[in-house]
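Straight from TrEMBL, the features:
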TRANSMEM  A:31-52  transmembrane segment
TRANSMEM  A:64-83  transmembrane segment
TRANSMEM  A:89-107  transmembrane segment
TRANSMEM  A:119-142  transmembrane segment
TRANSMEM  A:148-172  transmembrane segment
TRANSMEM  A:193-210  transmembrane segment
TRANSMEM  A:241-258  transmembrane segment
TRANSMEM  A:270-303  transmembrane segment
TRANSMEM  A:323-341  transmembrane segment
DOMAIN    A:383-616  domain 'ABC transporter'
Amino acid sequence: MAEGAAAATGFPDRGAAPLASLPGRVRASNAARTAVCLALALAAAAALTLLFGRYGERIAVQMCVNVAAVVALGAFCGNTGIVSFGHGAFMLIGAYLSGLLTMPAALQRTALPELPALLAGWELSVWAAAPAVALAGLAFAAASGGAIARLAGASATIATLGLLIIVHGVALGAREVTRGSQTFFGVPRATDLAVALGAALLFIVVARAFRESRWGLFARAARDDAAAAEALGVDPRRTRFVAWCVSGTMATLAGALYGHMLGAFSPASFFLPLVFAQVAMMIVGGMTTVSGAVAGVLVATLLQDAVRQAEGGFTLLGVDVPAVFGLTTVALGLAILLVIWRRPRGLTGGRELGPGPGARLFAGLAASVEPAPPPARAVAAALEAQGLSRSFEGVAAVADVGFSAPTGAVTGLIGPNGAGKTTLVNLLTRAYDADAGAARFGGADLLAAPRTGVARLGVARTFQNLRLFGGLTVFENVLTAALAAGRPRARAEAIALRELAAFDLGALADIRAEALPYGARKRLEIARCLAQEPAMILLDEPAAGMNPAETDDLAARLTRVQAERGVGLLLIDHDLRFVNRLSSRIVVMNRGRVIAEGAPETVRADPAVVEAYIGRGRTASHAKLHTPDQTEGETT
Amino acid sequence: MKTSIMALAAAGALAGALAAGAAVAQEEYVVGVMSAQSGYLAPYDMPAYAGFRFCVDEINAKGGLNGALPVRLIVKDTRSDIAESVKVVQEMLDDGAQFIVSSADADPTIAAAQITAADGVPTMTFAGTAPVLTQVGPHVFGSYPADNQQAAVLADYAHAEGLRSVWLVKSPDSAYTLGGPEYFGEAFEALGGAVLGTSLYSLNQPDFSAIVTTIKAADPQPDVIVTWAWEPDFPAFIKALRGAGVETKVMGGDVLDTPTVRGLGPVVDGVVHTSGGFPQEGSAYADFIDRFEAATGVVPDNNYYVNGCDIAGMIEQAVAAAGSTDPQAVTAAMAEIEDGEGVMSDFTFKGTDRMPLREVVVARITGDGGKEFVKRAMADPATLPQP
């Protein structure tokens, strides 16, 4: 079945690896991809050092410090999709704090005579100072993250720029601590190759572990679709906050590393030129992955240092080539343009380098997790709305709507375009705030719940316009939903396997959702819903765009799942044959109001329903309500 | 047998050549030059390097330092990046640099000096003027009159002109834009003047109307406004000031000594600034300009060219005084130079903290885009504002 589905979708046959081995293969793939990142950094540092001696070693030190800084930057930017210019602020804090704590006391008394006693005279080793530096970074990240995490997209980027400017300004003003705009010197130059390389490797491991962790998955899910993440119970703000704290702490330590490489610096050393260079490296490599950050730094470093050799002039075959300075900047600029033109997602194409879970390398791994058995049947409860209303700019999209949809049954919700069906679902799931009315499920007040709390009350939904986490694989999409429902990792993996099998997605498990064909995307969205083991699912046009065969297949799967788990379905669709086939009861809306409800045959004969669909003056005998209507467009 | 003889002869010739090469290598003086050829330091490093290179070439044409020791330059672009500066200075030391000339700013100079401190390799900034940069170690030297010297001479001139109150306009964003006005205020108050007020701006601030309004509303009005602002801040400030009808005298640091500022026309007419030198007719400076133009086709239009040339002269005089190329000996000799001969002006390191004591020129901008010589003076080391 799985292989058949793969062939049908045009994807290569991923071999006969059983679905039960998927979690093990994913873990092995993650480990291999981390190893590839480590190997890249190690190989570059080793090659530079072995081939070019001390000269190459210095390039390697600078490269490793940049790897640490850019990987730290990517831990936020890559997982949240927000480009940050604020990480220079963390680096500044790390460099100055570590410098203060490690500076020789005698020099400190001369250079910083008015330094507050709390910071004076520590003269620690770099290693002893590191925990304090990390804690300071975490504290600053927590303090600033509360504001940054409230924002998304360009607003958040501007806010990070503001943070950099504020911290830069404070550093200039705090002359007693930083010497203001004057050079802060006397910082022990402790960042040698061993320290820089060790830090780079450690940062890679931490960033990779965070990316694949529960919080990394949540952050990437919210990055790809905040509304869908909220519907699963994932709070995008919290995910951004966590990513900001992790990334900020790492960047603070990277700043200390940078400071101990320079030995002397000023606030300008951490301002826009540094930040732009690091963001450019991240984007060149590929912002969304750790291997992209590593590759970006490697390529930029090697390119710049290779070109630099030619800048000072040289003799080639007896011909003196004059010095031409500025070539490095030109070369890097051209490289960035070339990458943006040819590979908009960066050199790594938005994928972690290394074998995926479907690679033959992992085909022999034994099954590690068995698919979970079906969940216990849903307890009897009902989704109920009374007097629910919502207007937009004076137009009543939903007006005084009341209905009931029990678990253990499929309730159809139909109506012509603009009837208010999707708005009703959005009200029930708190995507919109209701102007008036009440909504309950099993006694719980849905309207009192936060947007991310509806899922925990047992109500899940799909979206009229597909809302998948496009950058996540099929498996990760479903796994994220199970984790968001509070399941432990192993249990969540078992649940994910069950839903992948139920919707014939096993062969596509390691494909990114954005690359799936349409029918598979539709099935994935429902599978993701079911992974939360809800008692009530609101399906908003699940068959839209499907061909008849796909629609029949979906109907069969929904029927089976519904019967097996006793879950309640509120089914919205324009394919009335599909709705009639599945529903035991149908609610009909028109112009924001419920105009009829009852058994399918009763509703079909209702003149008000006929009029709503085909217009006034036609008779019921002309109304072919059982005919699929596949030409409907967007509804409200 | 014949082959063996030929092989031996070839080996001997190679060994001889290598020995000769080694001898040549020992008879040259290697100077590493950190020169920002791009980035924010390029406007200062590029002319300074051009002047330095020109005079090193002249020295080498005469047989090298003191006619005997050719100079070999290792030139590396730092891109105005401090991390790059740290890397290239280490590379230059690896390549045998016996003297380091660093970028025209405190950050890269101090970062480099911390590295050259290990072997005591003398390190001199192209045109860094922050007095603090020599605090890193006894092997670090300035070359240009420091900010506090310029400020002290300018304060003395202002006081002598009968000006008794000043309004300082400064930016904390750089040591230069902050330090210059502060040193001026300190020296001016020591002379009996008063600082009426201070305004802060940010580098690249596009609008100075708030500062101008504050100054215009000051009661009493200051006799003079002093700023160490550079381009594009100074043009924006002076236009806003004159546009608001404030005709108070304006004075500034040597950074105003540029064709761009002089080209602002009537708004800068009468603006007084310090300068490292002035190419008066018949002076060594004027002769340098003629020689440089004849050789390169470029007219040196700022003091960084001639100061670069003077650095070559300082090295030559220090090596001569040391009688050796040993770094510590050259450092010690440089620190003892008194009334060394310079093209822009003579210089004294002895008795200073190795920021050379040099004459400071006070010049006045004219409305037709030119500048006129006002005075030349040496700051009194005893009354210099301390960093």
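Yeah, the Cβs are placed from backbone N, Cα and C, and that goes for glycine too.
Just so you know, TrEMBL annotations never went through curation; they're auto-generated.
Packing against the transmembrane segment (A:119-142) from elsewhere in the chain are residues 89-90, 93-94, 97-98, 100-105, 108-109, 112, 177, 188, 190, 195, 244-245, 247-253, 256, 260: each is 6 or more residues past its ends and has a CB under 8 Å from a CB in it. Long-range contacts of the transmembrane segment (A:241-258) within its own chain (CB-CB distance under 8 A, at least 6 residues past either end) are made by residues 65, 68-69, 71-77, 79-80, 84, 87, 90-95, 97-98, 126, 129-130, 133-134, 136-138, 140-142, 144-146, 148-149, 191, 195-196, 199, 203, 206-207, 210, 215-216, 219, 270.
The transmembrane segment (A:31-52) shares more Cβ pairs under 8 Å with A:193-210 than with any other stretch in the list A:64-83, A:89-107, A:148-172, A:193-210, A:270-303. Residues 33-34, 36-37, 40-41, 44, 59, 62-63, 66-67, 69-71, 73-74, 77-79, 81, 83-85, 87-89, 91-92, 95, 164, 168, 204, 207-208, 211, 220, 255, 331-332, 335-336, 339-340, 345-354, 471 of the same chain, all 6+ positions outside the transmembrane segment (A:270-303), place their C-beta atoms under 8 angstroms from a C-beta of that stretch.
The recorded stretches the transmembrane segment (A:148-172) and the transmembrane segment (A:89-107) share 3+ CB pairs below 8 A when only pairs 6 or more apart in sequence are counted, and are therefore in contact.
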